[in-house]
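The structure appears right after this line, and notes come after that.
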Amino acid sequence: MAAYFVTGTDTDVGKTYVSSLLLQAAAQLGKRSAGYKPVSAGCDVIDGELVNDDAVQLQRAGSLALPLSTVNPIAFTPPVAPHIAAEEAGTVISTATIESGLQHIARQTPDLLIMEGAGGWRLPIGDGRYLSDVVAALKLPVIIVVGMRLGCLNHALLTAEAVQRDGLTITGWIANQVQPDMARYAQNLATLEQLMPAPLLAEVPYQGAPDEAAMAALIKQLC
Ligand SMILES: Nc1ncnc2c1ncn2[C@@H]1O[C@H](COP(=O)(O)OP(=O)(O)OP(=O)(O)O)[C@@H](O)[C@H]1O
Ligand SMILES: C[C@H](N)[C@H](N)CCCCCC(=O)O
Ligand SMILES: [Mg+2]
């Protein structure tokens, strides 16, 4: 089984969008794929259940049939930083729950398991702890989604520095075109290719996906 942690240069940079593409591509190639969003903030309450859109997207994209509570064991209603939502709910984000949730999915032997963070790499989860501590304890390789917009160079380089300082391997980064036409896109991409300490895995076009052959090659590399 291959498991990865997908982080991003910020919230709203396309971690879920890109993770879903990877899970779908793996499924189309006959692989067992599963997404995991341990901590979410920003949910609808449907029939008494907290339903997070990221979790629903990952659940649909993966080929394993998993209940939503398995894909997303820790969920909060307001779309705010999760440790603040946890405090408001009078609860503490449990690292044991995050870890056991991953092991639970791993036991169903996916070929590709993608765990999506929330926000960026150094996400506080309360009491001086960070989601990155959990990823480090799990020793998961990291994929960085770079939301290609002005400011991403600094965010991408700082994220990569922090991941490496935490002792983790960066499998690579994905350039995600969150804007239809970023000014100097090619030059920004070239700058990151030169300065990032890990390879560019894929370019994801605005409202699109890498071509089938590129995706198949990437899934082969990741699995
Ligand atoms: N390549 C793309 N083309 C067009 N829209 C995109 C692309 N990538 C992401 N988006 C859109 O940008 C928004 C943010 O993407 P997404 O939800 O995947 O971000 P995220 O990093 O997972 O955010 P969060 O921190 O909340 O988990 C969504 O509306 C998504 O559909
Ligand atoms: C609500 C939002 N879409 C995400 N799920 C949570 C983003 C947390 C960001 C925390 C921060 O770094 O400021
Ligand atoms: Mg997301």
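From the backbone N, Cα and C atoms, a Cβ is placed for every residue, glycine too.
With THR16, GLU116 listed by TrEMBL as binding Mg(2+), the candidate from ASP53, ASP54, ASP166 annotated for that site turns out to be ASP54. Among the recorded positions ASP12, GLY14, THR16, LYS37, GLN177, the residue whose Cα lies closest in space to that of GLU116 (Mg(2+) binding site) is LYS37. Cβ neighbour density within 10 Å is lowest for GLY119 among the binding-site residues GLY14, GLY119.
Checked against ligand 2, the recorded positions GLY14, THR16, LYS37, GLU116, GLY119, GLN177 give GLY119 as the ones with a Cβ under 6 Å from it, listed in sequence order. Taking the Cβ of ASP12 (ATP binding site) as reference, residues of its chain lying under 8 Å away and at least six apart in sequence are, in sequence order, GLY147, VAL178.
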